[in-house]
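Record features, source TrEMBL:
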- Lys253: active site, schiff-base intermediate with substrate (ACT_SITE)
- Lys306: active site, schiff-base intermediate with substrate (ACT_SITE)
- Cys176, Cys178, Cys186: Zn(2+) binding site (BINDING)
- Arg263, Arg275: 5-aminolevulinate 1 binding site (BINDING)
- Ser333, Tyr372: 5-aminolevulinate 2 binding site (BINDING)
Amino acid sequence: MSFSSLVQDLSIREGGNAPRRSRPVPSVSTIDDRASHISRNTYASTAATSVSIAGDISSQLHGGYHHPLARAWQAERQLTKSMLIYPLFISDDENDETLIPSLPGQYRRGLNKLVPFLEPLVHKGLRSVILFGVPLKPGSKDALGTSADDPKGPVIQAIRLLKQRFPQLFITVDVCLCEYTSHGHCGILRDDGTLNNQLSVDRISDVSVAYALAGAHCVAPSDMNDGRIRAIKLKLIEEGIAHKTLLMSYAAKFSGCLYGPFRDAAGSAPSFGDRKCYQLPPGGRGLARRAIVRDIGEGADIIMVKPASQYLDIISDAKELGKDLPVAAYHVSGEYAMVHAAAKAGVFDLKTMAFEVTEGILRAGATIVISYFTPEFLDWLDN
Ligand SMILES: NCc1[nH]cc(CCC(=O)O)c1CC(=O)O
Ligand SMILES: [Zn+2]
Ligand SMILES: [Zn+2]
């Protein structure tokens, strides 16, 4: 075999995407040291002038990641089970267990189905969940979102149940009104259909305190009203529970089309208009940075960016602006559904992509990932 075809074979071998040849490929160790970093394109000229390249050590990278463990060492941080938060949809029908068509493999569950479902996951190392309430009963929605903190409602009941059955499980609760309002918006509205910020913030902070008093370890307001972090923090202090309640802000939450499957699951699509006047415009990096700085100043313990894969620059901004705070990223329903759809269409392997996208999120700066892939990751991380 000629030297040039050997080099060519090597580049094909390492190219990954190139089709495999039927001809046996020499193992890397049989190839002369000097050959391994000559690309096919540069070979002709270097060979012609017989330039010595033996002393050129700066172009040698492959040795640093040949072994699987060495590749793992190249990552700034690696996904671990404790980084994952699993979203759960809890409906007010106790025996409900309904597959959400647009969210492959995810179910809406009633209280009776929760413990049997979670038991094996907790045994596999599930550390944390985030709860979303889904009121299905007729009459459970009104203009003020009254049922959000109903002591007999699904969320407060679920907090109590999970605390009792899984004392080690960290329970986060999403705080918003859109699941509970008749109009499907994330707060209380004025007559002109815009958000009444003051009334909304008062209500959101009352609901947060109700969840925390029921035992939630963390409250995560996703409503995007101005000033809610400060209001919630102050009410938690007033109630004497600020010291044991983590406040996670959906600080940089963008409007867009990636929450569709979630709204199917939660029945929380707005009945008119959209959320563009309170969720951030997708191009608004500066606005996101201001929202992050503001929420840190108002007392957020963790900053969240959402969605994740389209907003990796914002995750890295959050890490830079909040050097001393953990950053969470929400890989949202639409992102999850896209990965599933593409895998189903044969574009890529589901598991490989789930890891690639999650590693991208970690690389950008997050150390907490809210992911619908959590149950799969618990298995995958064991192998
Ligand atoms: N405000 C409620 C809320 N909390 C989390 C999500 C989205 C999560 C997902 O898509 O997975 C939403 C939907 C929305 O804002 O419309
Ligand atoms: Zn919400
Ligand atoms: Zn909402």
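Counting begins at 1 with the first residue displayed.
Here the Cβ of each residue, glycine as well, is placed from N, Cα and C on the backbone.
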Message: Using a 10 Å cut-off on CB atoms, tell me which of the binding-site residues Cys176, Cys178, Cys186 is the least crowded.
response: Cys178
- prompt: Using an 8 Å cut-off from the Cβ centroid of Cys176, Cys178, Cys186, can you name the remaining same-chain residues around the Zn(2+) site, in sequence order?
  reply: Gly145, Leu177, Glu179, Thr181, Gly184, His185, Gly187, Ser222, Asp223, Ser268
- prompt: Taking the Cα atoms as reference points, how far is Cys186 (Zn(2+) binding site) from Lys306 (active site, schiff-base intermediate with substrate) in Å?
  reply: 16
Field: Between Lys306 (active site, schiff-base intermediate with substrate) and Lys253 (active site, schiff-base intermediate with substrate), the C-alpha gap once rounded to whole angstrom
entry: 5
Field: Arg263 (5-aminolevulinate 1 binding site): nearby recorded positions from Cys176, Lys253, Ser333, Tyr372, Cα cut-off 10 Å
entry: Ser333
Task: Output, ordered by sequence, the same-chain residues six or more apart from Tyr372 (5-aminolevulinate 2 binding site) with a CB under 8 Å from its CB, or 'none'.
output: Tyr86, Pro87, Leu103, Gly105, Gln106, His331, Ser333, Tyr336
- prompt: By a simple count, how many Cβ atoms lie within 10 Å of the Cβ of Lys306 (active site, schiff-base intermediate with substrate), its own Cβ left out?
  reply: 24
